[in-house]
Every structure is written in C-alpha cells, then in structure tokens.
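*Asks:* Before I ask anything, let me first share the structure, which is written out below as structure tokens.
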Amino acid sequence: MAATAEKTTDRSRYSRVAIILHWAIAGLIIFNLAIGFVMEGFPPPVRFPMVLVHVSSGMTVLALTVVRLIWWMTHEPPPHLVSLKFWEHRLARTAHVLLYVAMVGMPLTGWAIVSAHPRPGSAGAAEQARVRPNTIPGRPAGASQPVPGAPTVAQATPGAPGAETTAMSGAPGAPAAATGAPPRREIKLWGFIPFSSIKPVQDIGETAGGYEPQHELHEEFVGWHSIGAYLLLLVLGMHIAGALKHQYIDKEPELQRMGVGGRDKKV
Ligand code: HEM
Ligand code: HEM
C-alpha cells in the first residue's frame, strides 16, 4: 500500500502560507477576469472606479505572486499524489507553470497598458489632445474644443498639483495637458498605495513624435492582455477540471491538499 502510505503523510498537504496565497491570488484573478471583461461596457462615471479596482487587484496579484515564488523557492511543495498517471502529472505541472506565467504576465501587460500614455504636460500629451481628443476625460467624443467651464491648461502644468500622475486611458489620470480636461487625479492602489507608471514606456510619449509609436505600443499591450485573459481562462478551466476529476472521479483527497475540507485521515 505504498500509495496510501504516501497519501497519509503530512507532506501531501501544501503549507498554510502556500494555501492562503493560492486562494488569495485565485480569488483576485477570478475577480479581475470578471470585472475586466465587463468594465469597458460601462459609462465613464462607473467605469473609472471599476478600472481603478481592477488595477489595484491586478497589482496585488503581482505582489502576492512574488511572495508565492519566494515561498516556493524556499519551501518544497508536497509531492504529487502517487496515484496520478504520468500524463496527468505532466498536464498538472504544465498547467501550474502556465498559471504562474499568467500570474506574472497579466499584471505586467496591464501595467504596461496604463503606462503607455504621455505624461501630463508633455508635448506627447498635447499631441494626443490634437489627434485623439475624445480619449480625454472632460471632452465629449468628437469635440475639438475643451468643454466650456472645464479647468484650464495651468492646472495641468508640470509641477502643478495633479500633473505628475499616471495616465490611464479613459480613466482618472488620462492626459490633460492643453486640453481643458479636468485636473488629473493621482492613481492610488486601493485608494492609498502610490502607483507609478513603467517609466521607459511612459517616456516614449514624451515628445509629439513619440505619441503615435507609444499609442501603437499601447494597442499591442491591450492585445497581449486580452489574449492572455482568454488563454488564462482556458488553462484555469483545465486546472479546475483536473482538481475536480481527482477529487470526485478518482476519489482522491485533492482539494484537501489545497486546504479545502478537513484534514481527513487520507491527507
Ligand atoms: C486563477 C485561479 C487559480 C490559480 C492562478 C491557481 C494556481 C495554482 C497553482 C500555481 C498551483 C500549484 C501549487 C502552487 O504553486 O501554489 C495550484 C494548485 C492547486 N489548485 Fe489552483 N489555482 C487557481 C484556482 C483554483 C481553483 C478554483 C481550484 C479549485 C477547484 C484550485 C485547486 C487547486 C488544487 C487542489 C491544487 C493542488 C494541486 C496539487 O498539487 O495536487 N485552484 N493552483
Ligand atoms: C490578475 C491580473 C489581471 C487580469 C486577470 C486581468 C484581466 C483583464 C481582462 C479580462 C480584461 C478585458 C480584456 C478584453 O476585453 O479583451 C482586462 C482589461 C484591462 N486591464 Fe486587466 N487584468 C489584470 C491585471 C491588470 C493590471 C495590473 C492592470 C493595470 C495596472 C490592468 C489594466 C487593464 C486595462 C487598462 C484594461 C482595459 C484595456 C482596454 O481594452 O483598453 N489589468 N484585464
């Protein structure tokens, strides 16, 4: 009964920290997938807070994944259930590696999207206002003039309050220079943690000539982020199906390994 002997050892359960990190990251990612696919369909007053929550949750996934990877390097995970067939073992491993790629890749591409906007007050921001005015909050789609009564350029001058903030397309913080758009609000994760753009990506749009290449890059990042989301859904489906198969068809204590259910005699 080698298999039973393997299964009854404490080593068949992930450590408490690994379990907490797994479910925290899983919850945030599932939340971000759900909110990500619907947020663009909402009008700006609802969309902006949704995007901010999406950004906050996604950056938290990145931070927790770094902790998870450090934990993983310093704490050996439990061996796979010995009852797994060779192909199941390989498939589970592959799914875990791909999930880790997504846990890092999704936040990074999202961060790159948000960073691929000209800095407020830069020549690139003025160029954006000229060629794509309807991407600027405070200006109705198609308008070529600032909204009457909207704050003036002075409010978006570099160094002025709110000028050195991170840009986000169609969200608080999008370029306002020379546009008459409302002053930019600084992005804070969960409302209080400072957030910066990826500087080399933001710097591309510093000049008027840099704005278009930066916009193309922005579209690329949006494409990667979107494809990544669909691939993640696919791998996640596989991961969940595998876990449920082992639990309910093979009747193995699979979910208990990840802390679901009591520590029964098999785990
Ligand atoms: C986006 C959501 C999820 C991600 C990113 C994710 C990621 C992972 C990763 C990377 C592992 C390998 C162990 C580790 O390094 O922590 C793992 C293990 C596991 N996950 Fe998930 N997971 C997610 C959702 C779920 C869900 C919804 C379930 C429940 C059906 C689940 C059940 C498990 C189980 C049972 C294991 C242990 C596998 C084993 O070694 O036997 N996961 N998960
Ligand atoms: C766990 C990580 C993340 C997941 C699972 C995720 C998921 C998604 C999904 C499903 C979409 C909609 C894609 C589509 O409509 O095709 C989306 C869009 C978006 N995400 Fe994320 N996201 C994550 C992290 C982030 C982060 C960290 C940021 C910013 C720092 C971010 C910024 C955005 C933006 C700006 C959009 C809208 C893109 C556009 O269509 O213009 N995301 N995300």
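Note that the numbers count up from 1, one per residue, in the order the chain is shown.
Here the Cβ of each residue, glycine as well, is placed from N, Cα and C on the backbone.
This is the feature table in TrEMBL:
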COMPBIAS  154-181  compositional bias 'Low complexity'
DOMAIN    13-258  domain 'Cytochrome b561 bacterial/Ni-hydrogenase'
REGION    122-181  region 'Disordered'
TRANSMEM  17-39  transmembrane segment
TRANSMEM  51-74  transmembrane segment
TRANSMEM  95-114  transmembrane segment
TRANSMEM  221-244  transmembrane segment
*Asks:* Cβ pairs under 8 Å with the transmembrane segment (221-244): which stretch of 17-39, 51-74, 95-114 has the most?
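*Replies:* Stretch with maximum Cβ contacts: 95-114.
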*Asks:* Which residues of the same chain, at least 6 past either end of the transmembrane segment (17-39), have a Cβ under 8 Å from a Cβ in it?
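*Replies:* Result: 47, 50-51, 53-54, 57-58, 60-61, 64-65, 67-68, 71-72, 75, 77, 102-103, 106, 229, 232-233, 236, 258-259.
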*Asks:* Do any residues, 6 or more residues outside the transmembrane segment (51-74), come within under 8 Å Cβ-to-Cβ of it, and if so which ones?
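*Replies:* Distant contacts of the transmembrane segment (51-74): 15, 17-18, 21-22, 24-25, 28-29, 31-32, 35-36, 39, 100, 103-104, 106-108, 110-111, 114, 168, 170-172, 187, 189-191, 193, 195.
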*Asks:* Please average pLDDT over the domain 'Cytochrome b561 bacterial/Ni-hydrogenase' (13-258) for the predicted structure.
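*Replies:* PLDDT averaged over the stretch: 84.
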